[in-house]
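**Student:** Here Swiss-Prot flags 1-21 as transmembrane segment, drawing on sequence analysis. Taken from Swiss-Prot, the feature heme binding site applies to C429.
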Amino acid sequence: MEIVNVLLFLIILFLVKDFVKKNKKIHTKSPSGPIAFPILGNVVQIRFWELFKIQEHELIGNYSKKYNGVVRAWIGERLFLFVSNYDVVKYFQKDENFLYRPSLLVPGWRYASSNGLGVMSSSDDEWKRAKSSVSQSLRVHTSKKLMEEKAIEFIDSLEKISNNNEIFYPKGHIQGYACSMLFKYMFNQDLSVESGMSRTIGNAVEHVFGNLSKLTAFDCFEIFSPLYDWFFTRRLKGCDIVRQIISSQNENHLKSIDPSKPRDLMDDLLIEYGLNEITKEDTMQINQICFDIFGPAVGTVTITMNWVILQLCNRPELQEIAYQEIKKAVKDDEYVNLNHKQNAPYIVAFIKETMRLCSNGFGLPRTAKNDQICGDFFIPKDAIIFINYLEISQNEEIFKNAKEFNPTRYLDESLPVPNIHFGVGQRACPGRFVAIDKMFLGISNLLLKYKLKSQNGEKIDDTIHFSVSLKAKDYGIKLEKRI
């Protein structure tokens, strides 16, 4: 009986200690948050509100308003900060203390990043080297001609669907478009926009995005650490599918590379990391850099273009404005090219407005290398920080009439708006300009050839579904040829 009493006392003591640890402020400016329960932390509130169909990003948004834009949340043993206070975000833009990724702190991200490698998850000099290599390669190997040719191939692949009056399901076709362009840049390999490989990669990336967006007990409790690899090998199967493709390309490039004539990103990376002197660790870094590019180049582009098409269908009057602008810009040309972009600012603004309201969620996590005061808030070392881009985008102090879909807000130079579509600061996506060009070509050529309509004449469901980015439900539309 005494042993039972002692065990009961120790359990109660642990619960009290854990409760105090999670709720006690360690600094007068420590961020506040909802009551964190022992062991589970704020998982209790997340699961409770899910019963009432309130999604995680909605709940965090509500807390953001209550706690002045910086929400402290304990997910199991991990301390998270969700930041939508733009004054605090500005510190993240310019301060090197916030350049670091917490990939070794969250097991799911650790697995997806090969233990903190790549351009997304590495830090310090390794990250700077990776980013520099990718940025330079993008400038050399991403040509206007390549993007324009792939956009034409994408549009031409829809001819059969239109002629047969079939329903067009954008997501799969956009995945093919994005993968096809990426394969040429990354591996100098021609891949049809309709190829099975494109769909396989697109589905794998979507699988990874979806599963990384939801933290599991394995992410939040150290006690499960012996089972991390076993669990995430099964949960994140999409990672292994993409990695196998990249590894095969790496081996093939080593056999055929001419250092004096690099063909693509893989060649550039092999040369950068020493070619014949490449170690196993270098190979892992090269492959992870390529893996990291698949995410935004395929996943983010697909999600965003999918949203843009949905918004164009739901707003036929704005679709007509975009079409008339494009038609005027191209004149007698059969297809839209990047030379037309300067005369088609509205469609670029439409893409940015869609990203503002629909596709930007929490982005990728970062962490503080050291404790730091950021304005009215104390940011502790090793806290896992997510910038809540969706909440920032709906802040009336930053965006006038923030909840209104209004692309023209990006056309008025007297009213500058924050450029947060691809992250902030030095950690912003190095391929963001290529991504905009890719989406511009795909969407504008689609509009030039077809009027986009919902299947039944009613608005398409635009409910947001939480992921690494915020995605729309799968939907189909009608393609009506323009005369």
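Cβ coordinates are placed from backbone N, Cα and C, and glycine is handled just like the others.
Please go over these features one by one and say how buried each is and what sits next to it.
**Tutor:** Only residues 6 or more beyond the boundaries of the transmembrane segment (1-21), in the same chain, are considered here, and those with a CB under 8 A from a CB of the stretch are 36-39.
If you draw a 10 Å sphere around the CB of C429 (heme binding site), it holds 21 other CB atoms from the protein chains shown. A coil conformation is recorded for C429 (heme binding site) in the three-state DSSP classification, outside any helix or strand.
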